[in-house]
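Summarising the annotation, Swiss-Prot assigns active site, glycyl thioester intermediate to CYS88 and lists sequence analysis as the type of evidence. Taken from Swiss-Prot, the feature domain 'UBC core' covers 4-150, and the record attributes it to sequence analysis.
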Amino acid sequence: MSTAAKRRLIRDFKRLTSDAPIGISGSPNPDNIMVWNAVIFGPPETPFEDGSFRLTLTFTDAYPNKPPTVRFISKMFHPNIYANGELCLDILQNRWSPTYDVAAILTSVQSLLNDPNPASPANVDAAQLFKENLKEYERRVKKTVELSWVDNADEIEAEVVEADEGSSS
């Protein structure tokens, strides 16, 4: 692994933990600093409000000169998010700059939730609903929010069961 990439990711983690933007959290995988798990909470007063959306960020040795691959693990309904969870976001493609850190990436993703770009759709159905039937789009997004609760509840339940099994041995 590139020492420069590792050093930069450690610096990004320190910044994220000491000065985290509201509604965002993230940390490296304990076994691999090049893979991060993150959570973005839906911005207030948006259809995504109250949602808790999980993502992964996968970095290469070329970071920060090349952007990470960012992918939602949570099911999403959004004009700029592909079915596999990957994003169509300019700063992760043609507008990337090495000055962006993990906090900036996650903040941009959070902003994208409320401010989609239907002109560059990754999900044509979501883009069409957003442009032509906002009420139905918001209804579908609210279902996604409810699914995010179940996603996280399953994960929490699995951790509790694992902890219980570990304490009984």
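Even glycines carry a Cβ here, placed using N, Cα and C.
Model confidence over the domain 'UBC core' (4-150) is summarised by a mean pLDDT of 95. The Cβ of CYS88 (active site, glycyl thioester intermediate) has ASN80, ILE81, TYR82, ASN117, SER120, PRO121, ALA122 as same-chain neighbours under 8 Å, each 6 or more residues away in sequence. Helix first, then strand, then coil: DSSP counts for the domain 'UBC core' (4-150) stand at 57 helix, 30 strand, 60 coil.
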